[in-house]
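Written out below as structure tokens is the structure these notes cover.
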Amino acid sequence: MKSNTESLAWENLRYDLHSWIKEAISSMGYPTMTPVQASTIPLLSGNKDVVVEAVTGSGKTLSFVIPVLQKISDRLYKPDSDGDLPEPVKRGHMLSIVLSPTRELANQIQSVFNQVLQYLPEDKGTRINTQLLVGSIGNVREDLNQFLTNQPQILIGTPGRILEFLGSSQSIKTSSLEIVILDEADKLLDFSFEKDVINILKKLPKQRRTGLFSATISSAGNTIFRTGMNNPVKVQVKSKNYFGEQSNSPKSLQLSYMMINPELKITTLLTILSKYQYKKAIVYFPTCTSVKHFYQIFNKVYQQESSDEPLKFFSLHGQLNTKSRLKTLDNFTQGDINLYKHILMTTDVAARGIDIPDVDLVIQIDPPTDPNVFLHRCGRTGRANKVGRAIVMLNDNCQEEDYIGFMEVKGIFLTKQDIPTSSATKNLHENFQIKLRQYMLEDRARHELAVKSYVGFIRYYSKHIASSIFRLATLDYLGIAKMYGLLRLPKMPETKYIDNSIMPTDGWLGEIIDMDKYSYADKLQEKTRLENLENDKLKKIQDAKRRKELKIKNEAWSSKSERKENKLDRKEKLKRKREAIEKQIMEEERLNDGGNKDEEDEVVEDWKDMVRKNKKKQKKNNSIQGSFDDL
């Protein structure tokens with residue numbers, strides 16, 4: 001009976017590869033196939049569409065690189081039955097497209113193709129070329145000129161740029177295309193890329209081979225049937241964990257978790273990075289701003305013990321331009337591990353497919369919002385049967401420990417790991433917090449970045465798919481604020497979840513500082529701040545003056561209105577009084593009807609005197625009122 005190693009020898013592959021490809025594989029140091037390669041290469045090299053789901057680090061990239069090169073070699077070099085060589089590929093035509101969700105992964109895939117193509121014999125005549133098509137590197141016009149000049153048979157890139165490229169000129173023809181590959185297919189078929197990917201596939205001939213590859217392809221669901229595959233064969237390769245349970249992670253990868261107070265996360269991370277034995281590590285942060293924030297802190301605040309092996313930090317995130325990202329990734333990959341321990345601080349931009357040698361350790365400061373990404377992050381280590389370690393930090397005193405059971409349902413098993421509790425770790429935390437506060441006080445811009453990172457994390461947390469576990473109502477807002485180095489809590493709706501008994505006065509997390517005197521280190525920025533501060537003060541004074549004037553104006557209008565109302569009341573009273581007197585006189589006349597005329601004349605005269613007195617009194621009142629009006 002053959003051993004497993006013997007059965008996976010390349011000579012036992014159930015498909016006859018071109019001799020130059022066999023030589024390339026041998027020269028590159030791959031004595032045996034991986035299970036996914038042994039299953040996939042014969043199918044895809046033949047006439048089968050495939051959907052491949054295999055654990056991270058299982059050799060999926062070579063599983064499609066070899067079939068693509070095999071098919072192109074057949075098209076370019078394989079004689080027909082009469083011994084005649086095939087016709088050259090027409091100008092403007094391509095034979096294969098490989099799609100990737102990120103620029104970094106596309107760049108890496110091209111590197112693998114080019115490594116194999118180094119072994120293509122010179123006497124083959126027509127060379128097999130590749131071209132990288134990703135955003136932020138050159139423009140589509142430059143891509144088109146390069147394509148028409150070099151005539152590459154293989155296009156590798158991100159969906160947006162490839163779709164733009166295919167529609168940029170009538171000189172580009174897809175009718176000769178033979179095979180298309182979707183690497184990290186579950187990501188390419190989610191809402192962020194699906195439209196572009198489907199539009200690309202519509203431009204390609206229906207009689208083609210299609211390969212979908214991912215560690216979590218099952219999450220793509222029924223979307224895979226929109227890719228135009230014909231009776232695809234599903235290749236699924238899983239491993240068993242140390243307990244013999246079926247697992248979606250490689251056996252060589254040790255997965256563990258820590259329950260930790262968020263305030264202690266950063267100093268615990270630094271302790272692990274200083275004390276653990278590894279060559280290269282990748283640390284995943286939730287947002288781009290948090291990567292920038294902690295990258296600055298680690299380089300300016302953290303001081304290692306002289307006995308520890310020196311650390312070198314690298315920053316990689318989506319807000320960097322493509323050239324900077326590729327340069328950082330190259331520096332991290334090519335760095336001398338004999339001089340430093342290399343630590344890449346990154347986001348999910350480096351979570352999928354990227355194969356970096358010597359990565360022994362992966363740490364996640366927080367779990368990803370999408371549980372499927374968890375395995376992709378961890379899979380940057382423990383690749384190709386090499387031992388790797390992955391740790392995820394979960395916030396204590398809330399429901400996050402339920403995440404472990406949630407991941408077990410998905411076939412991912414984690415063991416609990418204790419946090420470092422030595423006196424040295426406690427001293428590190430105390431000293432680090434003092435230095436972190438001083439670092440923040442030196443430059444207002446640093447605190448603004450810290451606040452931006454904190455707010456970004458809260459938004460990130462609120463978008464978690466497992467919302468029943470990651471709940472805003474149970475989050476330790478104060479502990480996280482201290483972790484990010486905040487001096488004061490920002491005003492945001494989520495602070496309503498903080499219990500009033502622990503809510504700091506006016507949001508201050510330490511000694512109160514005068515924000516008007518809290519300055520920027522940058523002189524130009526500080527000058528602008530002071531000018532804005534002065535303008536704000538003037539505006540406040542002007543606003544107060546306007547409010548006072550408006551108040552006086554409103555009061556004057558109110559008094560005038562009141563006087564008018566009083567005058568009308570007096571007139572009404574006088575009218576009623578006059579009517580009452582007239583009524584009384586008429587009543588007396590009626591009773592004394594027939595009396596002597598002298599009495600009547602006397603009554604009339606008395607009435608006239610009364611009217612004159614009333615008029616004089618009214619005139620006097622008006623005169624007095626007028627004098628008050630002049631005041």
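Cβ atoms here come from the backbone N, Cα and C positions, even for glycine.
Record features, source Swiss-Prot:
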MOTIF     10-38  motif 'Q motif'
DOMAIN    41-235  domain 'Helicase ATP-binding'
COILED    525-594  coiled coil
COMPBIAS  583-597  compositional bias 'Basic and acidic residues'
REGION    583-631  region 'Disordered'
Residue numbers, six or more beyond the limits of the motif 'Q motif' (10-38), whose CB comes under 8 Å of its CB atoms: 45-46, 52, 54, 58-60, 62-63, 66, 69-70, 73-74, 77, 115-116, 118-121, 124, 235, 237, 384
DSSP-assigned states of the motif 'Q motif' (10-38) in counts, ordered helix, strand, coil: 16 helix, 1 strand, 12 coil
Rounded mean pLDDT for the residues that make up the motif 'Q motif' (10-38): 90
